[in-house]
Amino acid sequence: MATLNLTSFNPGSFILVGIPGLEQFHIWVGIPFFTIYLLALAGNGTLLYLITVDHSLHEPMFFFLSMLASADLVLCTTCVPKTLGIFWLKAQKITFPGCLTQLFFLHFSFFLDSAILLGMAFDRYMAICCPLRYTSVLTPRTIVKIMVGIVGRSFGVILPVVFLVKRLPFCKSRIIPHTYCEHIGVARLACADISINIWYGFAVPVMTIISDLVLIGISYALILHAVFHLPSRDARQKALSTCGSHVCVILIFYTPAIFSVLTHRFGHNISRTFHIIFANLYVAIPPALNPIIYGVKTKQIRDKVILLLFPKGMK
């Protein structure tokens, strides 16, 4: 019995199926995912390089942007390489520690992104609504404290998930109908009551998303109120242009995130194939689009990218 219990609580490895129903098309489905992943690596890597080497970008807004780029790299790198391994190399096996590690960084980067977007909204609020206090409030020391708080909150929220999964006995199927390990998908394979996993996995993301969205909404309501009271039309356009990139990124991040959380809890009539495809697009597309949005909408970033790509043409 001791051996049986030890085996149950240490499943050894799982098998990741990929996208159920599209197994015969995996080799072709992998091509766009590979392209999107390369775009995410190039875009976020370029942003991080520019912000690191260019002292004119050492401002609070760009420090938050560098954190977002780092979190996006963690998000897509946690999932996409393993997904491509399943599609192209039939590397479907993943160890239990590997599964827990992937699960942790997947959800950790999600909460990290949400907290960073809230920090960016606060940065824009201070810059537009309280410009005279901006540099005195958002000092380098304050930025570091905010960054530590963002990482600490994300770590604290997700760490219990690892232990909630680790405590479960796995004595049934070890086949996960997905391309990566995520909390509820792994917990459903357990031969034990997973009510606490389900409710923690639902309540915590919803509470976090709602609280962050409410605070972001308040920030942008105050920003819009201040913008439309600016005396200069050029100043209004500049402020709206700066905030436009943030709003686009917020919509790209939260819309699929809310859909994904709700379908996990209530979307029993949604086909598994659609859900898995959507879940994979969610971890690949936002990290690829975010640097493009900031590159197009933010003049400082756009000018630096052009200078980096065409140095002679700018002289």
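Backbone N, Cα and C define each Cβ position, glycine as well.
As annotated by TrEMBL, domain 'G-protein coupled receptors family 1 profile' applies to 43-294. According to TrEMBL, the feature transmembrane segment maps to 25-50, 62-84, 104-122, 143-165, 198-227, 239-262, 274-296.
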The transmembrane segment (274-296) and the transmembrane segment (143-165) contact flag, 3+ Cβ pairs under 8 angstroms: no
Long-range environment of the transmembrane segment (198-227) - Cβ separation under 8 angstroms, sequence gap at least 6: 110-111, 114-115, 117-118, 121-122, 124-125, 128-129, 157, 160-161, 164, 183-184, 187, 236, 239-240, 243, 247, 250, 254, 257-258, 261, 264-265
Average model confidence [pLDDT] within the domain 'G-protein coupled receptors family 1 profile' (43-294): 88
Non-local residues, at least 6 beyond the ends, that sit with Cβ under 8 Å of the transmembrane segment (25-50): 18-19, 57, 65-66, 69-70, 72-73, 76, 80-81, 83-84, 86-88, 280, 284-285, 287-288, 290-292, 294-295, 301, 304-305, 308
Intrachain neighbours beyond the transmembrane segment (104-122), with Cβ under 8 angstroms and 6 or more residues off its ends: 61, 64-65, 67-68, 71-72, 74-75, 78-79, 146, 149-151, 153-155, 157-159, 161-162, 180-183, 205, 208-209, 212, 215-216, 219-220, 246, 249-250, 253-254, 257, 283, 286
